[in-house]
Amino acid sequence: MNPYILATLLFSLGLGTTITFASSHWLLAWMGLEMNTLAIIPLMAQHHHPRAVEAATKYFLTQAAAAAMLLFASTTNAWLTGQWEIQQLTHPLPLTMITMALALKIGLAPVHSWLPEVLQGLDLTTGLILSTWQKLAPFALLLQLHHSNPTILIALGLASTLIGGWGGLNQTQLRKILAYSSIAHLGWMMLVLQFAPSLTLLTLLMYLMLTFSTFVTFKLNNATTINALATSWAKTPVITMLTPLMLLSLGGLPPLTGFMPKWLILQELAKQDLAPTATLAALSALLSLYFYLRLSYAMTLTISPNNVTGLTPWRLPTSRLTLPLAASAAAATLLLPLTPATMALIML
């Protein structure tokens, strides 16, 4: 892609998210979401093969439906209450419609089916943008609505954690596994959104960091399937050693960083007398942990028939930038001891 066109599209992505962040009016928020959608579609379709075009088409239709529902709900709210401000959403009908529209935007269950199919058709770089940056603008709106609709948020959160765990069990494509991982993590954020918004932001930050590390690792390995991971030991032994730690951190296994948000969320749910909800969420985390363990097993405990017998085979040094991966991998595995400081910041 032409560098000037790429810079324009990335600028539009950032501008759309910033407009939604800064908006207090539903029309302005809708405009920012639409800019986000229209800017990422050329990035999705830049590789002219049928899967990419199919993924871009599915994404466009899904986001257009969600945006139309959001615009209709905000218009309904203005008709019923005379208010266009985001903070003045008080009527239950438009509130439920807007919550479902934003759930469709980010891929929460039960309106999640588009996310694994779209992510499977993209290259890893565009998939990283879709899994991280595109979640920010809808989350900014959900954070402003969290106090109004508790029941639907808990229902969406529980459904997402369960479906995100079940859906990834029988997958062999890494991008689909990461899509179901995204659904499960978003469910954890929804569960605690109404009780501790700062804890939701912490979980989102951890998810962005862990997902960035995982995508960059797979990109350096040129791996898109589980079988491709089995050959990574001969190509990048150090990264192969680090990747299981990052995957287990993504699954929330102590003593890694990913355990921190799950631990704090379960603690908060127990404080709110939601022990059954916390139990279901913890059990669904075991499902997610299974397919992360499966990936770790494929990378470290299997030997591909393509491997050369002997010591490290000859290979050219990589010319790719590895500093972002080094920083994010350290953060993805070593931050659990900072939990007391994090809790003190959340309490502020």
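Including glycine, each Cβ sits where the backbone N, Cα and C put it.
Please treat TrEMBL annotations as automatic predictions, because they have not gone through curation.
Annotation comment: TrEMBL describes 23-284 as domain 'NADH:quinone oxidoreductase/Mrp antiporter transmembrane'.
Residues annotated as transmembrane segment in TrEMBL: 60-80 (among others).
Annotated transmembrane segment per TrEMBL: 92-115 (among others), in sequence order. Nonlocal intrachain contacts for the transmembrane segment (92-115), taken as residues 6+ away from its ends with a CB within less than 8 angstroms of a stretch CB, comprise 33, 58-59, 62-63, 65-67, 69-70, 72-74, 76-77, 80, 134-135, 138-139, 141-142, 145, 148-149, 152-153, 156, 159-160, 162-164, 179, 182-183, 186-187, 190.
A Cβ distance under 8 Å defines the sequence-distant neighbours of the transmembrane segment (151-170), meaning residues of its chain 6+ beyond its ends; these are 96, 99-100, 103, 108-110, 112, 116, 176-177, 180-194, 274, 277, 280-281, 284-288, 290-291. Summarising the annotation, TrEMBL assigns transmembrane segment to 151-170 (among others).
Sequence annotations record features per position, and here TrEMBL assigns transmembrane segment to 177-196 (among others). Only residues 6 or more beyond the boundaries of the transmembrane segment (177-196), in the same chain, are considered here, and those with a CB under 8 A from a CB of the stretch are 106-109, 112, 115-116, 119-120, 127, 131, 135, 139, 142-143, 146-147, 150, 153-154, 156-165, 167-168, 171, 203-204, 207, 211, 214-215, 250, 261-262, 265, 268-269, 271-272, 277, 281, 284-285, 288, 291-292, 295, 346.
Under the heading transmembrane segment, TrEMBL lists 202-221 (among others).
Positions annotated as transmembrane segment by TrEMBL: 233-254 (among others).
Annotated transmembrane segment per TrEMBL: 274-293 (among others), in sequence order.
The domain 'NADH dehydrogenase subunit 2 C-terminal' annotation in TrEMBL covers 289-342.
The feature transmembrane segment is assigned by TrEMBL to 325-347 (among others). Distant neighbours of the transmembrane segment (325-347): 196, 198-199, 202, 209-210, 212-213, 216-217, 220, 239, 242, 245-246, 249-250, 254-260, 263-264; these residues of the same chain sit at least 6 beyond its ends, with a Cβ under 8 Å from one of its Cβ atoms.
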Fill in the blank from the handout: The predicted model's mean pLDDT over the domain 'NADH dehydrogenase subunit 2 C-terminal' (289-342) is 75
